[in-house]
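Participant: Dropping the structure in here first, questions after.
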Amino acid sequence: MNVEGKAYRTIWLAQDGKTVEIIDQTKLPHEFTTVRLSNLEDAARAIRDMLVRGAPLIGATAAYGVCVALEDDASDARIAQVYETLLSTRPTAVNLRWALDDMRARLLALPREQRQRAAYRRAAEICDEDVEICSSIGDHGRDLISGLWEAKDRKGVINLLTHCNAGWLATVDWGTAIAPIYKAHDAGIPVHVWVDETRPRNQGASLTAWELGRHGVPHTVIVDNVGGHLMQHGQVDACIVGTDRTTAGGDVCNKIGTYLKALAADANSVPFYVALPSPTIDWTIEDGLRDIPIEQRDASEVSHITGRTDQGDVATVKLTPDGSPAANYAFDVTPARYVTGLITERGVCAASRDGLEALFPERKTLSA
Ligand SMILES: CSC[C@H]1O[C@H](OP(=O)(O)O)[C@H](O)[C@@H]1O
């Protein structure tokens, strides 16, 4: 997307044709800086420490991580070691495993001397495919938002609530849940976004608000716990969120707090949509609560917060008393029954195996 007049993706091949550059999302919204990934540890750290985050971008970074890791050794053993190192960085977003499985399968099928060039080619394809997929999600989501506006006789504003960051910063470009919002805004549909701050890492307050501000989309940052109140008072026309892993049965794993928003939406008859690219579908599982691993991150993300002082310095301060433990569950699972629809690159479907297989018939399980 456009940042101060320059078009950016979140990850790109550097001029040297070997290393990779990313936007350091831990520095936003107060600093826009980029970081170079030159080796396996750089890539692993970028994912683990959330310089890059968001399921599709994690997958893209892992794909390029394979590239920079094979510099001197493209052996089967090295590929296995790179695979395990990158897979171990974060457990929940299925795009990580999807991208690593894709890269490994393609590379092991080639002679060693062809592998590094093929890796860079495939990583670039994964990034380009993500941009296309997310743009399509945006198109289908825009049409859905347009329908909401028609239902209001094209009067007033469409108020949408989103949680965490599923914007272009969570993908290679466009985003998933925010892509429909960009496209609706650009089409002249009056939208306003309630942006959940999304404790503890504040991806909403720091990233989604930053994105929307740059694109000129009206928005209001809110504390995570106000969404239900807004829905009770008719101030939310729909919720649109992203996902890190959605099961073949339509259960949605997303940033912690998503489930509570879905419950509030259900209780107030507010449509609850999930935007997802097909690589985020885990076709191997049905029951998200049982089978999706939930990442637990360091307690310091709860006990401390980073921001800019009135003097313009970026500082980290402690919020909790010394000696008080903190728990940091990074995701939760929203059962399919609370999801109004899944917005995919092939259209909108019900949050169910039938719904997903109608859009992705190539995945239809062979009838028993
Ligand atoms: C389009 S994936 C966005 C998804 O990823 C975020 O998690 P994290 O920032 O920890 O990577 C959050 O769950 C978003 O909805």
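Just so you know, glycine gets a Cβ as well, placed from its N, Cα and C.
Keep in mind that TrEMBL annotations are predicted by a computer and have not been checked by a curator.
Owing to the predicted nature of the structure, the values given are computational and were not obtained by experimental measurement.
Per TrEMBL, active site, proton donor is recorded for D244. Per TrEMBL, the feature substrate binding site maps to R53, G54, A55, R90, Q203, N254, K255. According to TrEMBL, the feature site 'Transition state stabilizer' maps to C164.
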Participant: Of G54, A55, R90, D244, N254, which recorded positions come close to ligand 1, meaning Cβ under 6 Å from one of its atoms?
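Facilitator: The qualifying recorded positions are G54, A55, D244, N254.
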Participant: Whole-number Å distance between the CA of C164 (site 'Transition state stabilizer') and the CA of Q203 (substrate binding site)?
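Facilitator: Per the Cα atoms, C164 (site 'Transition state stabilizer') and Q203 (substrate binding site) stand 5 Å apart.
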Participant: From the Cα of the residue listed as 'active site, proton donor' across to the Cα of Q203 (substrate binding site), what is the distance in angstrom?
Facilitator: 14
Participant: Grab the substrate binding residues from the record (R53, G54, A55, R90, Q203, N254, K255) and give me their largest CA-CA distance in Å.
Facilitator: 17
Participant: With an 8 Å cut-off on Cβ distance to the R53, G54, A55, R90, Q203, N254, K255 Cβ center, who else from the chain surrounds the substrate site?
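Facilitator: Apart from the listed residues, the neighbours are I58, T92, A93, C164, N165, A166, A170, G242, D244, A330, F331.
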Participant: Near the Cβ of Q203 (substrate binding site), how many other Cβ atoms are there if near means within 10 Å?
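Facilitator: Its Cβ has 27 other Cβ atoms within 10 Å.
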Participant: Any same-chain residues 6+ apart from R90 (substrate binding site) with CB under 8 Å of its CB? Would you list them in sequence order, or say none?
Facilitator: I47, R48, I58, L96, E295
Participant: Please report the distance from the Cα of D244 (active site, proton donor) to the Cα of A55 (substrate binding site), rounded to the nearest angstrom.
Facilitator: 5
Participant: Measuring CB to CB from N254 (substrate binding site), give everything in the same chain under 8 Å that is also at least six residues away in sequence.
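Facilitator: When sequence neighbours closer than 6 are ignored, N254 (substrate binding site) has H163, C164, V241, G242, T243, D244, V274, F331, D332, T334 within Cβ distance under 8 Å.
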Participant: May I ask which residues of the same chain, at least 6 positions away in sequence, place their Cβ under 8 angstroms from the Cβ of G54 (substrate binding site)?
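Facilitator: Expected: A93, N165, A166, L169, A170, T171, G242.
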